[in-house]
Amino acid sequence: MPSKQRNTSALALKLLEERGTFWLFDCGEATQHRMLHTTLKPKKLEKIFITHLHGDHIFGLPGLLGSRGFLGGTERLDLYGPVGLAEWIEVTLRISRTHLNYELAVHEVEEGTVFEDETFRVEVQPLDHVIPSFGYRIEQKPLPGKLLIDRATEAGVPKGPLLRELKEGRDVVLEDGSIIRSGDVTGPPQPGFTVAILGDTRFTANSIELARGADIVVHEATYDGATAHLAAPYGHSTILDAAQVAREAGAGALIANHISARFLPEDARKLAGEAADLFPVVEIAEDLAEFEWKDGQLRRLP
Ligand SMILES: [Zn+2]
Ligand SMILES: [Zn+2]
């Protein structure tokens, strides 16, 4: 249920530097309206991952899909989610005569790797909710090492585009025919980031697997310690469950979302405090909150 303070679920993973795009995880009602309060542009939306088919996670999809075309989105869009998503989208778009002017590829997921290219891999595992619900693990592959400019110059590489090629991991041929290997003039590869974004769930071992060693885990925390008796019957977690997952997974930071409407914004600090004994780095995701992961630190942006 939305409240004045809290809209239904949606989360954007900004990959503007990495891919020039962003990915969306869930798309509750009015997600596109909330996006108007951000810098996110629907035409840059590359992928949408749906954790499960409850209305508070998908009722914003048809509207956003329709608007994206009007807002200059012509690139293909990939939509991932549980079985039933393709049928729902097909019927909704057909009955409402919504014609998309871009390619929409719907992928129904079960378990395993759902996407992989040169720079990212996305893995999905089932969680434990009242209907099928999934968690996604997003891994950025190692980045090329830093260019060792002195070594490149010594090897005879002129200033200019060849340096860039080497920096991005490609070998080059100089004018005199000699081959310079990228690995010889760059430092060791830098690790990429890993983030686990989990759908509605009770405490479950698969959450820990998905979040294993992740820099950030995004876990629901519908309840607190005092309302913990409601968590299991409704298929949800408490802030303590979320902290336990982050702890057992050895994650770097926890962002707790899907907070029940019973908690007011001023309760956020208390919720984070409850988790602190189990796990030190906890942020509560209020609506429109934005976080940055840089140099191994999670930072809340102003
Ligand atoms: Zn749900
Ligand atoms: Zn939900």
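Even glycines carry a Cβ here, placed using N, Cα and C.
For His52, His54, His129, Asp200, the entry in TrEMBL reads Zn(2+) 1 binding site. Taken from TrEMBL, the feature Zn(2+) 2 binding site covers Asp56, His57, Asp200, His258. Here TrEMBL flags Asp56 as active site, proton acceptor.
The two recorded residues, Asp56 (Zn(2+) 2 binding site) and Asp200 (Zn(2+) 1 binding site), show a Cα separation of 11 Å. DSSP classifies His258 (Zn(2+) 2 binding site) as coil under the three-state reduction. In this structure the alpha carbons, written CA, of His258 (Zn(2+) 2 binding site) and His52 (Zn(2+) 1 binding site) are 13 Å apart. Neighbour density around each Cβ, counted as other Cβ atoms within 10 Å, peaks among the binding-site residues His52, His54, His129 at His52. The binding-site residues Asp56, Asp200 differ in how many other CB atoms lie within 10 Å of their CB, and the one with the most is Asp200. Contacts of His57 (Zn(2+) 2 binding site) defined by a Cβ separation under 8 A and a same-chain sequence distance of 6+ are given as Thr8, Ser9, Asp26, Cys27, Gly28, Ile50, Thr51, Gly199, Asp200, in order along the sequence. For the Zn(2+) 2 site, the Cβ centre of Asp56, His57, Asp200, His258 serves as reference, and the other residues of the chain with Cβ at most 8 Å from it are Thr8, Ser9, Asp26, Gly28, Thr51, His52, His54, Gly199, Glu220. All protein chains included, His258 (Zn(2+) 2 binding site) registers 25 other Cβ atoms within 10 Å of its own Cβ.
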